[in-house]
């Protein structure tokens, strides 16, 4: 047990290190590089007076390490600073966009796991036959396709030609759950890439597990095939896939930004894109920290689950 | 499907967009006077786009930037990843290895598109900047693959023999280890390229690193969306080309992977679908990964 405990401790430490690194990276990339946020914000009308005003408002005349200290101190208290463009607190922006984005992500992940695992197990059980070839080629093909191209094509076919779903979420506000039809296409687009990678991994892992000596042994004992497959083989097949699930968090975040832009959903991705367009550095920083933290935490969780599923695979840290 | 069949399928799907990207710009006519925006037909085969330009001309022009920036980003990523990976696999100094590889783990913790957006917020990049950024995002994965492959090659008896013979470090690293991991790297470069194509297209769609009226398939999809109801061709054609380009290149890469180890599924299969192990699991020197 002490081995497990020390492994968890090391993994948690890595998570903390990554969190610190993300916060530092966000600061360095947006503020400490040459040129500064005030010039960037003034942008198209580089009016010296305006630049000076922004610089003072942001406290850019003070040394970088002091600003970093204050910013991090604020973050620890949940204070993300104030927007340059509107003067509103950044946490207000976060609260606005939170609902739709979390809804999208939750629905996607809830569907992703059964669909991905199901397709993978199905392909593995029919290895080399038509079903497997069909699933394998389809997942391989869709795997690398950017969400926006896929999304636009789906909109053209299902919203414009067939008229089954609304083409965008315009007019539904933030309460998307009340309009499930508007959610179908966005979730479908978000699912496309992660489902492909997950099912390919589950298929590979499941084929390995079904060919392993312990499966044959269990069968010799007369344990029913169903139980062998789902209680013995599947957990081992899932270990690599769980780590991939964490990787797909990265894709989901990318996907959420694109899908929200494509379907005009007022979530965090839209807030982020607007802030990038306005060069509203504090808002961008706040969102980046939230997205980065989500990635770190979810990866941590996935590693812990992987460790639980297949302790000997010795994941990470 | 048999291997030649898989190559053929990939080549067939990726062929059209690639040919358009390479040769398209040579077939563009004189930019005529701008017509009304979003008109179907009227002397334009595919109608006009949001500022009244000929969609066909834009399609012919728009592939080159996507492909070029992705290629440049992949090349740049390898330019950094190759020395970093080789040195950290072959050095005997732990601190050097750690200083080279640990910062890359940190980069991995930040979602790639978020990184692009972060930098783009402070310094709106051009095409060169976009290539640099995409390269930066691809370096960690590429460096890990280089190091894992090189560490495996470096643990072979042949390296031991070369070392005892007093061969120079350069000869060892480049002449033996570098050469023996070449095929692995070629396959991995293919994966990086599909990833780069994805990121470059997505960034362009979001308006990063491109002019708002650039002749670029991804920008066309974005800008012409407003007229999707009246003139769908201006969106559907470039979107289909991007789908074909990314899909086909992924099929080609996969066929090439299979080629490396013909015995069915390969150990690389896993590396391939899972671009990087999450946290540092280093194949230590002297042990097989």
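Glycine is no exception: its Cβ is also placed from the backbone N, Cα and C atoms.
Note: TrEMBL annotation is automatic and uncurated.
Residues or ranges marked as domain 'ABC transmembrane type-1' by TrEMBL: B:63-253. Residues annotated as transmembrane segment in TrEMBL: B:66-91, B:103-123, B:129-146, B:189-210, B:230-253. As annotated by TrEMBL, compositional bias 'Basic and acidic residues' applies to B:262-275. According to TrEMBL, the feature region 'Disordered' maps to B:262-289.
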Positions whose Cβ lies under 8 angstroms from the transmembrane segment (B:189-210), at least six residues beyond its ends: 65-67, 69-71, 73-74, 77-78, 112-113, 116-117, 120, 124-127, 129-131, 133-135, 137-138, 141-142, 216-219, 221-222, 242, 245-246, 249-250, 252-253, 256-257, 272, 275
Outside the transmembrane segment (B:103-123), six or more residues from its ends: residues with CB under 8 Å to it: 84, 129-130, 133-134, 136-137, 139-141, 143-144, 199, 202-203, 206, 208-209, 276, 278-280
Non-local residues, at least 6 beyond the ends, that sit with Cβ under 8 Å of the transmembrane segment (B:129-146): 69-70, 72-74, 76-78, 80-82, 84-86, 88-89, 100-101, 104-105, 107-108, 112, 115-116, 119-120, 123, 181, 184-185, 188-189, 192, 195-196, 199-200, 203-204, 208-210, 271, 275-277
